Amino acid sequence: MASNGSSRQLSNVQIQDPSDEEDSEMEVTERMNIRTRNKFVRGKKLGEGTYAIVYLGHDTSTTPPTPVAIKKIKLAPTSEGLSMDAIREVKYLRELHHPNIISLLSIYAHNSNLSLVLEFLPGGDLELLMKDQSLTYSTADIKSWMGMAIRGLAWCHRHFVLHRDIKPNNLLLAADGVLKLGDFGLARSFADPMRVMTNKVITLWYRPPELLYGARFYSGAVDVWSLGTVFAELILRTPLLPGQSDLGQLSLIAKALGAPSERNWPGVSALPDWVPPTEGGPEQGMDFFVGMFASVGVEGAELVRGMLRLDPKKRVTAEEALRHKWFQVEPRATHPSRLPRKEGGEEKVGRDLGRGWEEDERVRGVGRRLDFGGAL
Amino acid sequence: MAANWWVSTQRKHWLFTKEKLADIRASLDAVDAKSVAQFPLPEKRLLNIYFNTQMIRLGKRMSIRQQALATAQIYLKRFYTKVPIRDTNPYLVLATCVYLACKIEECPQHIRVLAGEARTFWPEYITGEISKLAECEFHIISEMNSYLIVHHPYRTLQELTPMLGLTSDESSTAWCVINDSYLTDLPLLHAPHVIALTAIFLAVVLKPTQGQGLGASAAGTPPGQGGGQASANVAAATQALGSGVPGNGRINKLTEWYAESGVDIEALVDCTQEIISLYEVWDGFSEKACKEQLGRMIKQRGLC
């Protein structure tokens with residue numbers, strides 16, 4: 001923006017002299033910004049990442065004031081502008097509205113800072129919940145969490161959005177027990193079927209085999225796999241496939257679920273990073289799943305299997321998973337308000353919302369960084 | 001594309017009636033009437049042609065996808081419904097729109113590279129300082145209220161091409177007409193599918209061989225002569241569209257399909273007229289005039 005007469009300078013003039021703020025549309029924006037900013041009162045800092053600081057806040061337009069999380073995006077003057085994470089989060093959360101997706105309540109700009117007002121989700125996340133040994137939960141509870149997660153995911157896919165980072169600590173819990181997909185910093189649209197996308201997404205343990213083999217064209221099936229591994233983890237209460245490297249992850253998959261081959265996955269050997277597996281037998285059938293995931297019954301085991309098919313084309317879609325018969329058989333899913341919960345508290349919110357903004361290369365693919373090598 | 005048009009923020013927040021858009025612009029002009037009088041600028045569409053040409057140059061040089069350039073053009077339009085153009089350095093704004101659109105369309109460019117290219121093209125107006133681009137990006141996002149997803153007519157065209165049995169000539173002409181729609185206010189006034197249907201209609205009515213220069217923006221040149229006959233065809237066909245009077249076979253079939261599809265025929269007629277009138281004003285386009293008037297404004301107001 002020009003140093004003289006830039007919109008910001010104009011708006012400064014307007015702030016100093018509110019008497020003539022009537023005419024300009026631009027000032028309307030600024031006034032809206034001020035109104036929005038005044039509506040949300042920022043409280044204490046909950047957490048901080050490389051790109052964002054998360055504060056506890058309150059929406060003062062309600063009585064009593066509703067708690068919110070305010071994520072203030074830091075802008076370094078020498079940077080590439082707004083980071084891709086922030087851009088994606090804003091881009092998708094502005095358009096997606098669903099009870100099982102974290103809501104972006106408002107956005108306001110002030111002093112070259114962008115603040116996202118997000119709903120406050122003090123219930124922690126599924127990772128924390130599973131780790132808490134003092135806490136027990138039932139199959140009906142798992143059904144409830146899975147149902148909500150699948151609904152949120154199906155909504156994304158119906159709107160051509162891939163989440164690309166489904167894992168237990170991105171499945172957040174509201175005060176009333178409702179589960180919400182969070183962290184859209186890696187999300188992207190898959191409406192153009194012919195565009196290549198990076199395979200460096202999704203935290204390793206939850207990454208599907210097609211991405212490990214370097215697929216650059218993929219679909220909602222990647223998220224379904226991730227959610228399938230979360231499902232298995234909820235049942236087993238330990239990560240299903242805790243690999244240490246890309247190859248290690250592939251070998252874990254082969255040993256646990258079967259070795260990918262042209263027989264069970266036509267076309268797999270043509271993927272860019274294909275290496276013939278040296279371990280594992282044929283793809284596991286129903287017997288294996290029923291044995292391993294006995295606690296959720298035959299139908300439940302069938303859904304786990306459907307979500308964890310090696311060949312992405314054979315995997316159930318989120319939409320199909322939603323209609324799976326497991327959700328119709330007993331036991332019925334627990335009502336969210338009666339789900340076991342852990343007091344995550346404020347600190348947890350800071351961690352949940354701030355985390356994605358740190359460059360945690362250990363657990364996270366390089367997709368967080370700008371990939372200039374080609375289209376993402 | 002993400003989400004769908006009917007529930008999109010584009011439909012909810014960035015679609016105007018003609019009157020509303022005129023009001024908005026009039027009130028922007030009224031803020032600083034003196035500058036408006038002191039620094040006359042070319043007619044909006046001519047200016048759009050100029051900005052578009054500049055964006056295409058930048059885009060070609062950096063091999064930027066067309067969809068990103070289309071999104072950039074929408075950002076430019078949205079931004080200038082909020083901020084008076086005479087308060088900005090349009091070259092910086094358009095370079096930044098391209099930069100931001102590339103991020104949104106998932107084909108990000110290095111800020112340094114883009115700033116450098118912009119500087120090569122417009123050395124008098126772009127210093128190449130990346131902090132200015134980053135700052136401007138923030139303003140654009142902020143003025144657009146962070147509504148970043150843009151739906152384009154190209155998708156509808158791709159979907160309808162087989163369904164309507166369009167020839168590849170017709171389809172590519174329609175594609176070019178869509179490109180041209182970005183030079184008008186249509187993207188702020190009508191749904192993308194309405195614009196796509198208009199483009200298809202024009203492509204079928206004006207066979208590329210007759211219409212010659214139809215959809216010429218990609219080349220940056222005005223449509224060729226011989227538009228008289230073309231306009232007459234359009235007038236007749238538009239009438240047929242509006243009244244349901246049968247035209248010749250192919251056009252007849254198309255108008256029937258349109259009538260049955262339930263698309264807003266009035267909107268279609270309006271779009272058709274906008275496009276035709278764009279081709280009429282195009283003759284008056286002078287890159288030099290745009291460049292000079294903008295240059296004078298930027299220099300004398302000290303905007304760069």
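Even glycines carry a Cβ here, placed using N, Cα and C.
As given in TrEMBL:
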type     : residues                                                                                          : note
COMPBIAS : A:1-17                                                                                            : compositional bias 'Polar residues'
COMPBIAS : A:18-27                                                                                           : compositional bias 'Acidic residues'
DOMAIN   : A:40-327                                                                                          : domain 'Protein kinase'
BINDING  : A:Leu46, A:Gly47, A:Glu48, A:Gly49, A:Thr50, A:Tyr51, A:Ala52, A:Ile53, A:Val54, A:Lys71, A:Lys72 : ATP binding site
ACT_SITE : A:Asp165                                                                                          : active site, proton acceptor
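Structural mapping of features recorded in TrEMBL.
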residue  : record                       : DSSP (3 states)
A:Leu46  : ATP binding site             : strand
A:Ala52  : ATP binding site             : strand
A:Lys72  : ATP binding site             : strand
A:Asp165 : active site, proton acceptor : coil
Discussion item. For the recorded positions listed here (A:Glu48, A:Asp165), tell me which residue's CB has the most neighbouring CB atoms inside 10 Å.
Written reply: A:Asp165
Worksheet item: So for A:Ala52 (ATP binding site), how many other CB atoms are inside 10 Å of its CB?
Response: 27
Item to complete: Mind giving me a neighbour count for A:Leu46 (ATP binding site)? Other Cβ atoms within 10 Å of its Cβ, every protein chain shown.
Response: 24
Worksheet item: Per-residue pLDDT averaged over the domain 'Protein kinase' (A:40-327) comes to what?
Response: 91
Practice prompt. Pop the Cα-Cα gap between A:Asp165 (active site, proton acceptor) and A:Glu48 (ATP binding site) into the table, whole Å please.
Written response: 20
Worksheet entry | CB contacts for A:Val54 (ATP binding site) [other CB atoms within 10 A, all chains] | 25
Response to the item:
Cβ contacts within 10 Å for A:Lys72 (ATP binding site), all chains included, total 19
